[in-house]
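Colleague: Feature table excerpt (TrEMBL):
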BINDING   305, 354, 355, 356, 357, 358, 359, 360, 361, 428, 429  ATP binding site
COILED    535-573  coiled coil
COMPBIAS  1-17  compositional bias 'Low complexity'
DOMAIN    276-538  domain 'Protein kinase'
REGION    574-686  region 'Knob domain'
């Protein structure tokens with residue numbers, strides 16, 4: 001088949017595609033988009049072998065595909081550049097390495113391609129690259145295949161190749177090869193310098209670099225998927241998304257209003273109290289309930305803490321609320337606003353906080369075991385005490401307790417520095433998200449509920465006293481964590497609890513608890529416990545940074561997914577379209593036929609035995625090259641195997657962009673017609 005194409009440029013694909021291939025030298029041009037996109041990548045990262053455990057993408061056979069991936073170059077074109085046992089002489093051309101096809105285009109700028117033979121899947125256990133796959137011409141004088149004719153004015157060369165008695169003709173419209181580019185093996189062996197500067201060679205399409213070494217050796221799971229984020233992180237994010245999008249059936253819960261002030265879609269985060277409930281909250285002295293709701297002003301989810309039956313008499317307490325709204329800290333749930341409402345059929349005071357999906361209280365995480373209080377339970381006469389609890393056998397590890405201390409003391413330090421007091425340092429008001437992340441919740445509630453009219457002149461008069469109470473509350477929380485029981489903080493059990501801490505934990509932890517719980521003759525500060533924490537701050541900082549490295553690496557694995565999804569979505573709107581503008585053959589003719597064949601080349605390849613050849617690395621590589629429009633040539637074979645079209649990815653991208661823009665133009669024209677028709681009808685009625 002003969003296909004004549006031109007090299008005219010096409011408009012960008014809605015500005016979300018890869019950088020188009022530039023004909024100028026991408027190595028020396030300071031404004032080169034390729035240099036900017038891949039300036040931080042290494043040449044050895046050009047090909048990334050897929051994950052060895054991703055069994056769903058491992059080809060089942062090693063035979064050549066029926067829809068042959070024919071993008072490897074002619075061996076004789078590189079006989080002067082790279083010496084290889086299978087390519088040493090022109091006579092060895094008949095014995096090419098598996099996967100090297102003569103039916104491909106002979107563009108000197110093509111990049112390596114994946115076929116059932118050259119797929120990295122059989123070599124996934126060893127990451128040694130095949131040198132034959134990294135050939136790059138050394139100069140512009142590298143010979144090409146037999147040119148049969150050339151038009152001096154146009155500069156286009158008609159290439160001819162004969163394979164198995166079939167002769168293929170195609171037009172070579174690729175730019176001239178870059179002078180000075182050599183094989184990657186030679187590049188790694190010596191640094192190429194021109195006038196004292198190193199020439200860097202970057203791929204002209206998007207690639208996936210391997211995992212960073214400091215993260216790869218940090219991972220406890222050596223067989224974790226390499227293409228996607230860790231399953232544990234994915235599951236945690238999915239759970240957060242589910243909780244964020246949860247809704248209720250309004251018919252089943254009529255007591256929940258559909259809208260409260262500017263919030264809608266209320267969802268209870270805890271069991272609702274019965275209507276005739278008399279018992280009040282042990283913390284606030286009022287009946288409370290908690291909801292997730294969406295603010296109609298910014299469409300963001302928030303947590304609403306409702307105080308039942310509260311009438312706000314003095315609005316001067318809003319001075320303290322404004323002070324709380326200014327505090328932004330990683331271990332504090334930020335207060336956004338406070339308002340009164342009658343949407344619940346009674347006067348209520350509502351506190352709006354940031355919503356942290358998937359959070360659970362410290363009470364439910366660590367103090368929900370009824371057997372944990374057995375050590376502090378009074379024994380009957382004649383009964384003996386049970387075995388003493390130990391770390392990792394009933395007690396929390398000390399490293400976890402110090403992690404909590406660092407976060408809680410950091411939150412208190414920020415609150416006290418702002419001139420406020422926490423007043424909710426309680427296991428029922430401390431949220432835990434993830435494994436060890438703490439956030440102090442319900443801040444500012446006590447400042448509004450207990451605001452006294454005598455504080456009109458100075459609302460902060462009692463803050464120093466409240467701050468001292470915060471330190472005592474912190475000591476009780478730490479002691480309860482060390483004993484893994486709330487019974488340990490009761491006055492009659494303090495001596496027994498401290499004996500348990502002395503036996504199982506370090507003296508630093510014991511001294512910190514004693515300092516916080518013991519009355520001092522002077523005003524204490526949260527800064528006084530910093531020397532007791534000591535170098536454990538560095539341990540927590542190191543753990544946080546390592547966690548950040550792991551999450552960034554997981555993010556890097558998913559960063560290209562949105563772009564590739566948009567590419568597949570646009571391709572799906574074109575392929576197999578039944579009718580377009582009353583033409584039932586639209587998707588089977590012209591540029592659309594090429595895209596259909598490319599779809600088969602992408603997803604429908606089979607081996608000689610007829611088994612499907614499925615390799616994710618092949619799909620990703622082809623999509624990236626299409627998005628970038630590289631000049632590499634591929635052969636697209638029809639389903640009846642009677643027609644072969646040799647085209648470049650740049651040709652495919654041009655066809656892809658033009659076809660999709662045609663669909664967009666038709667859709668916009670129809671939308672404009674309906675809009676104009678609606679406006680005309682409205683004007684006529686007037």
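The backbone N, Cα and C atoms fix where each Cβ goes, and this holds for glycine too.
For each listed feature, how buried is it and what is near it?
Modeller: All protein chains shown were included, and the count of other CB atoms within 10 Å of the CB of residue 357 (ATP binding site) stands at 19.
Confidence annotation: the domain 'Protein kinase' (276-538) carries a mean pLDDT of 89 in the model.
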Colleague: When you measure from the Cβ of residue 305 (ATP binding site), which residues in the chain that are at least 6 apart have a Cβ under 8 Å away?
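Modeller: Listed in sequence order: 288, 289, 290, 350, 351, 353, 442, 445.
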Colleague: If I restrict to non-local contacts, at least six residues apart, and a C-beta distance under 8 angstroms, what lies near residue 361 (ATP binding site) in its own chain?
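Modeller: Non-local contacts for residue 361 (ATP binding site): 427, 428, 429, 430, 431, 432, 441.
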